[in-house]
Amino acid sequence: MEEKPNYVIQVEEELPTLLRKATTEEMVGFDNYKENGHPFPHSISRFHPSHASTTTLNGQETSRSIDTMEAHHHNYNETTPWTHQRKPSISMPTSPNVLMISDPTTSLSSENHKNSGSTGKSVKFLSQPMTKVSSLYIESGNGDDDRRQSHDNHHHHLHRQHQSGHHQNQNQAANKLKDNRYNSFKTWSGKLERQFTRKPASVEPEAPNRNNQNLNTNEAMPVDRYYDALEGPELETLRPQEEIVLPNDKKWPFLLRYPISTFGMCLGVSSQAIMWKTLATAEPTKFLHVPLWINQGLWFISVALILTIATIYLLKIILFFEAVRREYYHPIRINFFFAPFISLLFLALGVPPSIITDLPHFLWYLLMFPFICLELKIYGQWMSGGQRRLSRVANPTNHLSVVGNFVGALLGASMGLREGPIFFYAVGMAHYLVLFVTLYQRLPTNETLPKDLHPVFFLFVAAPSVASMAWAKVTGSFDYGSKVCYFIAIFLYFSLAVRINFFRGIKFSLSWWAYTFPMTGAAIATIRYATVVKSTMTQIMCVVLCAIATLVVFALLVTTIIHAFVLRDLFPNDLAIAISNRPRPKQNSQHRWLDQLRNVSSENIENYLKFTDSDSSQSNDVEACNGKTQESDSS
């Protein structure tokens, strides 16, 4: 049999009129390539009518295209010498569906009808990538075909790499948007973020999160959970067996790490403004010649500090309300909600005389309104006998909820008010006495009382020192009532100050700033006492206590700067707000005795069964039965 030359077999549908016209006119550059006046066989347009074969439904095919291809190939072989053997190249369709033969007249009749009525305008068509191959053809190729095919494959490979990289970047962005680990603490859940994506989000079932199952934002966190999950004098350390609902392997958003105890800085700085104002204006300290510009500088710093901290915490309330709510139910943190309002009272007391001398009366009522709201809530819980009764939640930070009454009474009496300051003084003194006795008793239920000394104990000094000055303003003289409160404060102050190893081995936190204003309050009360009792001893006490208070505040300022800018651990993850509502399930201890009963005799097992009805733990029963068995064996 004579060997047939390489040819192209092509199954095509009937072409539209426009393409048929373009190929018959042999437009330059339109699907053809000529060199030395001879068209290459492989580059002859497969859209040419002479090459297109029509397949009928009966499977009959015209041979005009085959004859034409043979003629072109024969002429080209006579004129062009071949220097190498050509390798056949086969292009297969992308799917077997394209091999289905259909009637081209019925499928393209409407298209031909539309094209027949088109105008004669020249239209430039740009080639587009084809997603499917509509025909099966076998064509022969030479070295140019191989190079062209490898070039196309290279571009196709680069295109796929670009698409895969683009899809990978889109997936990373989508995963970042779908990160819902903090949504349980957000005021808005974050599900609306899907509306800002460029492509519509597919409805996918959310994977169950074990942490979210332990987080119920509709219920208040019971106080027992804080005691069970946290430890330490400030209940900020997570117990080893507990888990948190937020990731602990990375830093949380800044607002989640921003505690309410940050307002303690406002208490320390604003109380210093009052102390330096008293040093500059009081009679016993005239010999120091303290200028008033120190008071002015500290007062403006206090205003800027309060505005900054309050603005940041307001953002936390707006964006992460669940975190604020957990701080409010925290048995320690709830007392720091008095700190911003006490700081405002300190600003009113320490305002420089050059700015204003007489404050309006309505300002006092405005500042004391938050105290009424918080005290009705907290004092009611102390008295109700529930899980937040005072004998259960008593800790030294409760002095912050009491000292505000005395500071308010001091400010009101300084402004010329009478009944209001007496009211708050009476309420504060009643609850201070109850709190003082409860803390001194150290009941077994007071789990938050530190075993060793801690800066939190300085809050014992705050209430009596401020109460002595408030009563002196209410009565108009530093009489016996004021002196009793002052002497209590001084005794507590010295009983704590004689401990030289007070701060050794204690981790620094921002709440330490709240423990500095009691020292400042004791120094100011000493100046008031020296005004009545004039002596060299009282003047020395004024200078020493004021110097200690200033040095402590300066030391805390340096420590805060180091932790903020050098160590960068001023705001660690606030584990106190991330505990779960439900305790961690305890490991099943029913199988602890299996290891002890594997290699024992039947007598030991019978002896163990005698103890199964007792109320003691199983491990102790096993040890007891084993011990008795060993004793009987030895005897």
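Cβ atoms here come from the backbone N, Cα and C positions, even for glycine.
Given the structure is predicted, the values throughout are model-derived calculations rather than measurements.
Listed in Swiss-Prot for this protein:
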type     : residues : note
TOPO_DOM : 1-253    : topological domain 'Cytoplasmic'
REGION   : 102-173  : region 'Disordered'
MOD_RES  : SER189   : phosphoserine
REGION   : 193-217  : region 'Disordered'
TRANSMEM : 254-276  : transmembrane segment
TOPO_DOM : 277-299  : topological domain 'Extracellular'
TRANSMEM : 300-320  : transmembrane segment
TOPO_DOM : 321-335  : topological domain 'Cytoplasmic'
TRANSMEM : 336-356  : transmembrane segment
TRANSMEM : 359-379  : transmembrane segment
TOPO_DOM : 380-396  : topological domain 'Cytoplasmic'
TRANSMEM : 397-417  : transmembrane segment
TRANSMEM : 420-440  : transmembrane segment
TOPO_DOM : 441-455  : topological domain 'Cytoplasmic'
TRANSMEM : 456-476  : transmembrane segment
TRANSMEM : 478-498  : transmembrane segment
TOPO_DOM : 499-504  : topological domain 'Cytoplasmic'
TRANSMEM : 505-525  : transmembrane segment
TOPO_DOM : 526-541  : topological domain 'Extracellular'
TRANSMEM : 542-562  : transmembrane segment
TOPO_DOM : 563-635  : topological domain 'Cytoplasmic'
REGION   : 611-635  : region 'Disordered'
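Summarised as a single figure, the pLDDT of the topological domain 'Cytoplasmic' (563-635) averages 63. Break the topological domain 'Cytoplasmic' (321-335) down by DSSP state and the numbers are 12 helix, 0 strand, 3 coil. Contact check: the transmembrane segment (254-276) against the transmembrane segment (478-498) gives fewer than three Cβ pairs closer than 8 Å, residues 6 or more apart, which falls short of the contact criterion. Outside the transmembrane segment (300-320), and at least 6 residues removed from its termini, the chain residues within Cβ reach (under 8 Å) are 182, 185-187, 253, 255-256, 258, 260, 262-263, 265-266, 269-270, 273, 340, 343-344, 346-347, 350. Helix, strand and coil content of the topological domain 'Extracellular' (277-299), in residues and according to DSSP, is 15 helix, 0 strand, 8 coil. Contact between the transmembrane segment (359-379) and the transmembrane segment (420-440) is supported: at least 3 Cβ pairs lie under 8 Å, counting only residues 6 or more apart in sequence. Same-chain neighbours of the topological domain 'Extracellular' (526-541): 278-279, 282-285, 287, 468-469, 472, 477-478, 482-483, 486, 490, counting only residues six or more beyond its ends whose CB sits under 8 Å from a CB of the stretch. Between the transmembrane segment (505-525) and the stretches 336-356, 397-417, 420-440, 478-498, it is 478-498 that has the most C-beta pairs under 8 angstroms.
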